[in-house]
């Protein structure tokens, strides 16, 4: 038995097909070796073509033309010498992509550039199925482009553009299957692709324009990076970047022709004005393509590799249909390589290509020698014109005879081709018959494998095996007879092959005679003057066509020769399989002996395993006892943990109640502070409008409901006090606002209303403090009820409604229009702010990198989100206003409704102006922060101002809205979203500032080393530090006073019209900055906001 051969046990009916079984194994081994050899060649070609060395991709690794030598190596050695040949062999690019995906494309931009070049060549010249395989990896190509496109690398930009070109190319050809990736189609195919629907033609033209833009953008970027001098383009680094432009030139020439054809078709069906944009785009592409071709034509690198066509001086005139006849399709010519490429050390020596045409030789003579020959033949130029004309006519007749001879040779060659094709068809039929026999042999092999496996399971006696052996011998003899028949058929194929070779030699001789005749014609025409130049050109064209036909015949002949060789190899493999049948029974006997020895070895292993099992059982028993002891210890620890958990739960309840008590204490301080302001002489100067008092009272009633709900939730689960704490915080601030604004409103109200309003404000404070006192102790926590507070607040709300003014007659006809104008202006300001932030984002990406770019992007993104939230708030407010007007105006017009509710209207106008101004200021502050000319605190302040302005707009809109309106709910949701986005801006700003400080940007460091100071010096430093602290506190207090005055003046100007301010009867709300400033002794999270920052309650989010 041969080493390495395995036989699986199985059932057996008979062993008549033993030789077929052995032959199947040999065929499978050959196929596996052939596949392994192919994959090794592909891996070698890919590793040599795609590497990080800055040199152009060699043609032999990514071969374009399937030459005769390549075909011979392919069919004889069953392997390919290039990536593209591999795609034709396996009819796809599976192997290529299996290795290409493992390349480290993210580590080298040069490697990615050469990878894109190879993919481009594979798409153009590979098998037709390559396009589908490449589309499966479309996302991988896009990721490579994004990776290198964002990096500042000399090849990174090129890789980004190349990947975009490849993606555009794959998408275009996937959509239009009729056009192959090499773009080599006839005008008829292009017409069928475009169709008769003018919309499809228009769309196809746009796609071709996009395709051409991608090609030209890559070419322009490569040429701009290189100096077009000879010194640069001759270096390998320059050639590495220039090499892919050969494929770009080939694609661009076809795309230019497609564009011209499609535009003429569009102009024949559509008006010229409709296609003005198409013409302008074409003219721009024409200029770019012409410039690119001219520059590439002057480069030495391209002169030996490609013949670049010349474009016309002016683009075609699509307005005249006759101009289509003047259009000439540009043709790119890739000349044959005259010199072999330099071989690597590990490459095999190339075999010479088969040459069937003799090289044409022509003697080059100088001008004086040509003149002498001409004079000797035709006489001096001043005489003998009749003889010269006769000579010309004679040469023309000879040329016509040569043409007739060429036609005859062409017809005879065509006849030979027809005969060869018929013979090839017969050979293919015989080959198909051989394949069918091979398939039957494979089926017999499978049956034999099943019978041999059954033989091992049954283990029949030696007598039955001997009988089976006799039957196998008979089968072997039958196989031998079939082999003899195959050998006779092979002899016939060899004779046919020899006949084909003889006919091929005749064809070669005829071609040689034709070439010699052509050489004689060329030597004769060199002696003529310019008068017969046109005739010579026509003859050359005919001869070139004949040479092309001969070359095509030669290629077809060589392909059939390779096919015959492959059939011969298959016959030889069949012969080897039959030889294996004779040794099959010996192998079976050896297999039986090996199985007997294996049984004895398994029994010995079984005894050793039994002993090991006993040892394992004893160790498991010991482990079980150890686990029992550990389980007891763990149960004791579990009881201890349970008791500790109960203690922690009780501690959590105590901490939650302590936190509730702390919150209630702070709420009492806030309300007491508000009550204290009622008797403060400085508070007499503060005034407020009834509309704002109504909005504060309504908000307080809403907060009372939340407190009641939070109280009930806390009683159900005393381990979670977050909802009650948030509700109490909001309630304390809103109740304090109601008390202070009620007092401020009473300052401008009649005496009766003022007294009642002040009394109700004090009653609200008293009931609120009593309710908080009940919540503060566990004994009265259950019976605490805010119903009395609700009654008092409702009284304040009723008084505010009575004090509301009934309307003004000033500018009534303008108020309705002014509201719409201000809302539209605010929306425009928001749109402008979003646009400017986008511009700043793009500029920041260009000017900054690293942590600065990250911080700027985070801040600008948060600002953009805030602007979008404000825009949604403006839209929701506008919708709510429309609902209010439609529901409340009745039979009156919209302007009459706005004039009737002038206070409400002016509040909307003021709030809209404030929102627009805040958005503009935020954009300016963000611009300064990005340019490092501003402070981060300015951006934070702008965020607070925008939140306050939008809250003012919401409060003004809620005054007349229905509490159950869906649009009001949308407005409230938009308001909460604005607050969240403003908080995000503040958080992003502070986080960015901290990140910059951590990275060393804007870091202020202070030395804290006091080891060298004495006691006296430390005391002096401490006193100086205290002095600085006092100075800073004094400066902070002064700034707070100044801020209060500024806010007061702002509300005086924004609260009422200018005419009323000049008359001294304005009633805009104002606040004394000294009284409204928060107490410094309270935590920042529980401070009461100043009245100027109307509504915001910063402490709402502390328990989320």
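Backbone N, Cα and C atoms are what each Cβ position is placed from, and that goes for glycine too.
Checking the ranges 276-306, 307-337, 338-368, 369-399 against TrEMBL, the region 'Disordered' annotation falls on 338-368. Looking at 571-628, 629-686, 687-744, the range annotated in TrEMBL as region 'Disordered' turns out to be 571-628. Among the ranges 976-1012, 1013-1049, the stretch that TrEMBL annotates as coiled coil is 1013-1049. As annotated in TrEMBL, region 'Disordered' covers the listed stretch 1060-1104 rather than the other ranges in 925-969, 1060-1104. Mean pLDDT across the coiled coil (1013-1049) comes to 79 in this model. Secondary structure by DSSP for the compositional bias 'Basic and acidic residues' (590-605): 16 helix, 0 strand, 0 coil.
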